[in-house]
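> Next up is a structure, given as structure tokens.
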Amino acid sequence: METLKYIDPEIFEAIREEIERQQSNVELIASENYCSTAVLQAQGSILTNKYAEGYPDKRWYAGCGKIDIVEKLTVDRAKEIFGAEHANVQPHSGSQANMAVLFSSLTPGNKILSMDLSHGGHLTHGFKKNFSGQLYKKITYGVDKETEYIDYAELRALAKKNNPDLIIAGASSYPREIDFVKFKEIADEVGALFLADIAHIAGLIVAGLHQDPVPYADFVTTSTHKTLRGPRGGLILCKSKYASKIDQYIFPGIQGGPLMHVIAAKAVAFKEAKTKEFRECQSQTIKNAKSLANELKEKGYKIVSGGTDNHLFLVDLTNKNISGREAQETLEKAGIVLNRNMIPFDKRTANDPSGIRIGTPSVTTRGMKEPEMSQIANWIDLALNGYKDNNTLKTIKSEVAELCATFPIYNVDTALVD
Ligand SMILES: Cc1ncc(COP(=O)(O)O)c(C=O)c1O
């Protein structure tokens with residue numbers, strides 16, 4: 001069979017250029033990471049050809065013997081690394097995982113108590129334009145205005161006042177450790193189910209570097225491609241008593257045939273997550289986030305909540321005369337890739353907010369440590385101060401590329417076979 005380069009040179013070239021972009025830029029998007037070549041190989045495999053609707057030993061199609069080996073291994077490894085009673089490895093994404101949990105545990109009109117989007121929450125936790133906001137009533141908790149830590153007293157008061165059916169812990173842009181035990185206590189006090197969405201912090205939890213919700217939560221959901229460093233996908237963990245309902249809501253509830261190539265790649269990532277190298281990388285990810293946050297703080301940047309306990313932090317740019325959108329666009333010109341982000345109690349809009357979110361999983365995976373964080377902080381400061389000067393941005397971009405060249409990510413020949 002002809003290979004990609006010959007069949008579709010335009011797509012081949014776009015992928016080649018994207019490899020180059022990933023290689024030569026400093027990637028600070030907190031939800032991204034670089035999966036291993038082994039994960040890429042499994043995800044790019046011929047398993048994509050196989051229909052396997054159903055679950056191991058209970059498929060709707062013939063020829064699933066080898067597929068069953070793959071899915072059983074993936075489930076066993078997920079249960080092992082998280083210490084979970086049940087795992088469903090078929091969700092196509094973290095959003096699908098959340099959808100299955102909400103459908104399985106709520107009826108339309110039920111109440112969800114979850115984090116305000118601008119304080120760090122996620123769209124699938126009840127945002128009005130998301131299915132979750134259209135089907136369920138959302139009540140929001142947030143962070144304390146002074147400390148910018150989750151206000152657990154407010155959470156408890158809101159739970160008692162509103163009697164939610166489900167309480168969701170977990171966020172897309174919250175830099176502090178989440179007290180899952182406290183969430184469980186509050187859920188129990190009001191008879192609510194408890195979902196811990198660990199999409200961002202799953203890798204830290206596996207490495208024992210963040211409080212673990214698995215013993216306490218009824219359901220735990222995650223993406224597999226963030227700190228967990230696997231392929232783009234989702235995962236649900238739950239107590240055995242919810243297993244069959246969760247499985248039914250994934251298939252046939254909301255999905256068709258599982259993406260078996262992606263499930264195989266999840267298995268590879270879960271195996272890698274058991275290694276010392278993975279634990280050390282997660283630990284360095286946190287050290288790098290703390291170091292970068294401190295460096296920027298010393299240069300006069302306001303860090304939301306004063307710092308971070310995990311892999312990300314938020315910079316409040318209100319004292320810097322630049323918006324989040326301008327900062328994102330400026331830094332991209334300088335070879336530093338991150339995203340604009342609302343900050344708690346933001347007076348600006350989501351499209352052009354007051355902050356930026358910075359995460360360190362990708363730079364840590366490629367081997368960068370504190371000295372590089374210091375250098376990156378200098379570049380960020382220089383770029384944001386001279387953001388109208390294209391020459392400054394160009395110079396930074398070439399220095400960034402030089403640094404990146406000394407921290408290679410992929411061997412291009414294995415990442416893109418021609
Ligand atoms: C807290 C949280 N939950 C769920 C998701 C959804 O994950 P996915 O993009 O895999 O659908 C995200 C994505 O960023 C997230 O941050």
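Every residue gets a Cβ built from N, Cα and C, even glycine.
In TrEMBL, annotation is done automatically, which means it is predicted and not curated.
Positions annotated as domain 'Serine hydroxymethyltransferase-like' by TrEMBL: 5-380. The (6S)-5,6,7,8-tetrahydrofolate binding site annotation in TrEMBL covers Leu117, Gly121, His122, Leu123. Summarising the annotation, TrEMBL assigns site 'Plays an important role in substrate specificity' to His225. Summarising the annotation, TrEMBL assigns N6-(pyridoxal phosphate)lysine to Lys226.
Show me how these features fit into the shown structure, please.
There are 16 other Cβ atoms within 10 Å of the Cβ belonging to Leu123 ((6S)-5,6,7,8-tetrahydrofolate binding site).
Mapped onto three states, the DSSP output places His225 (site 'Plays an important role in substrate specificity') in coil.
On its own chain, Lys226 (N6-(pyridoxal phosphate)lysine) has Ala30, Ser31, Glu32, Asn33, Ala199, His200, Ala202, Gly203, Pro361 as residues at least 6 apart in sequence with a Cβ closer than 8 Å to its own Cβ.
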> Here are some recorded positions: His122, His225. Which one has the most Cβ atoms within 10 Å of its Cβ?
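Per the Cβ count within 10 Å, the most buried is His225.
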> Rounded to the nearest Å, what's the C-alpha distance separating Gly121 ((6S)-5,6,7,8-tetrahydrofolate binding site) and His225 (site 'Plays an important role in substrate specificity')? Just drop the number here, would you?
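On Cα coordinates alone, these residues lie 18 Å apart.
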> What does DSSP assign Leu117 ((6S)-5,6,7,8-tetrahydrofolate binding site), in three states?
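Assignment for Leu117 ((6S)-5,6,7,8-tetrahydrofolate binding site) reads helix.
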> Using DSSP with the three-state reduction, classify His122 ((6S)-5,6,7,8-tetrahydrofolate binding site) as helix, strand or coil.
coil
> Rounded to a whole number, how many Å is the Cα of Leu117 ((6S)-5,6,7,8-tetrahydrofolate binding site) away from the Cα of His225 (site 'Plays an important role in substrate specificity')?
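Approximately 21 Å lies between the Cα of Leu117 ((6S)-5,6,7,8-tetrahydrofolate binding site) and that of His225 (site 'Plays an important role in substrate specificity').
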